[in-house]
Amino acid sequence: MEKNRIDAKTAEIENNEMKWVHDSSVDYKGRVPLRDSTGSWKTSLFIIVFEFSERLSYFGVATSLVLYLTKIIHQDLKMAAKNVNYWIGVTTLMPLLGGFIADAYFSRYITIIISSIVYLMFLMKIQGLVLLSLSWFLPALRPCDHHNINNTCTKARRVHEVVFFIAMYLISFGTGGHKPSLQSFGADQFDDDHVSERRKKMSFFNWWSCGVCSGLILGVTLIVYVQDHVNWGVADIILIGVMAFSLIIFLLGRKSYRYRVPSGSPLTPMFQVLVAAISKRKLPYPSNPSELYEASNFQSCNGRFLCHTEKLKFLDKAAMLESDDDGNIAKKQSPWKLATVTKVEEVKLIINMIPIWVFTLPFGICMAQTTTFFIKQGAIMDRKISNNFEIPPASIFALTATGMILSVAVYDRILVPSLKKLTANERGMNILQRIGTGMLFSIISMVVAALVERKRLKMVHLKMNVSWLVPQFLIIGFGDGFTLVGLQEYFYDQVPDSMRSLGIALYLSVIGAGSFLSSLIITIVDHVTSKIGKSWFGKDLNNSRLDKFYWMLAVMSTLNLFLFVFFARQYSYKNVQKVVV
């Protein structure tokens, strides 16, 4: 009888504990969050809606750049691709700064609010979009005065070029704080130590990407249609209205969000570990890892310990205890002289990520082709659906988003449940396996693109139908559904808890660095092929050999995939131990 009473009391205590979220997050009043009234899907949906509108805006602006380069200043194939890659590169590298600020000082929520207001109302969004709008509404800023018989601008005004690119890069700069903070804030709404919420978080990254793709599809179809059939100024005003409305929606969820308190620069502890390890480099390794120093209180490690690993053992010396002059072991030392095992393991996590980041760059390079050469191909092909309607070139990019949505849905609803039974892994497949699968799709897309382009060059006088491009767009979209979503989850989950916004920024930097590398490769290939014969990049596609360029990317990506698999097989995932309080 007494035993039943004790068991009932224990169960009651456990149930009461489960009512609260003990993952270092707080509610809007700074208290421990109540599980039923905060976080999970009920709040993450506010965040996904906000991201949907941002993606709609972003891709609407991106298509403006593509249209401008092709219709207004008529840049050749090589220069147009470079300009698009530069802008995408800057836009996706700026979050590294924004993510650092969010993690270290402002918190993710505050960073989202500040960057969104700046992005929208002051310089970054409204000024950027209004500059785009003014360039169409004010005669002095219109593209040009001279048109040919087809009513096409023959030469852009210099002032319009300057205004246009200033507006584009203001928008690019304005996304820096918004992009990394919003997605990490959305993932923060799920508790890793709660079985049900942890599984929901795995789906969160999938459905987040579906929201992004839905915004992309509207951005490159509806907004492009308005740009083509009304004018760019009206399209930009629509984007401003959508962003303003979604910001209001986001703010409505304030009382139900879970928040993370910033803990200072996440880079400082890493430098401390390196300094401490170097200063103790001559000390012998301890005979037992249990002799290494670890914090003994909940606050010191944000509620979670990291288990010791055998890799990069030279860093373990930072956690070795030294005796003072009297022979006593002092545990209270400067963090520049003594680090905890958890801090040492966090540095190991970052170092182990470097090869993975490097080996995913070729995927970013393949992705860059979808917004440059793939669109260029579509622009000169037969895009007529009827006598009265022709598909805008930029709208073809919606096929990539469609492929991504399909692959995410199939993965989340079919593959994961099936693979869980085979592998006993709650994810179905581990994160790096998912990333590698998407990289394989990117290789296939380059092979298909090369074959299609080769066929197009053989029948150039017949003007091939744009439907021939559907496979390569869909296949790269399938790859995005595996690799991009996998990278989001990988960089959020595997970085130290204190730098998750920076982790999302690292994922975005794969796309940005891939865009810059794509431009560099184009320059090198253009120089080399010009020296040995005819350049692969002519003034237009019909005088180019994009098929050879695609084959080169396919071979390069294949070799890279072998290296990725080699390192992925040896990778050790973060091993977390919950602190018992």
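Using the three backbone atoms N, Cα and C, a Cβ is placed for every residue, glycine included.
In TrEMBL this protein carries:
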- 86-106: transmembrane segment (TRANSMEM)
- 118-138: transmembrane segment (TRANSMEM)
- 204-226: transmembrane segment (TRANSMEM)
- 232-253: transmembrane segment (TRANSMEM)
- 391-411: transmembrane segment (TRANSMEM)
- 431-452: transmembrane segment (TRANSMEM)
- 473-492: transmembrane segment (TRANSMEM)
- 504-528: transmembrane segment (TRANSMEM)
- 549-568: transmembrane segment (TRANSMEM)
Inset, instruction - Count the Cβ pairs between the transmembrane segment (204-226) and the transmembrane segment (232-253) that lie under 8 angstroms and are 6 or more residues apart in sequence, then report whether there are at least 3. - result: yes
Inset, instruction - Grab the same-chain neighbours of the transmembrane segment (473-492) for me: Cβ-Cβ under 8 Å, and only residues 6 or more beyond its ends, written as numbers and ranges. - result: 183-184, 187, 202, 205-206, 208-209, 353, 356, 360, 363, 366-367, 370, 374, 396-397, 399-408, 411, 431-432, 434-435, 437-442, 444-445, 448, 500, 503-504, 506-507, 510
Inset, instruction - With pairs restricted to those 6 or more apart in sequence, evaluate whether the transmembrane segment (549-568) and the transmembrane segment (86-106) have 3+ C-beta pairs under 8 Å. - result: no
Legend entry - For the transmembrane segment (504-528), distant same-chain residues with Cβ under 8 A (at least six beyond the ends): 78, 81-82, 84-86, 88-93, 95-96, 98-100, 179-181, 183-184, 353, 357, 360-369, 372, 484, 487-488, 490-492, 495, 535-537, 549, 552
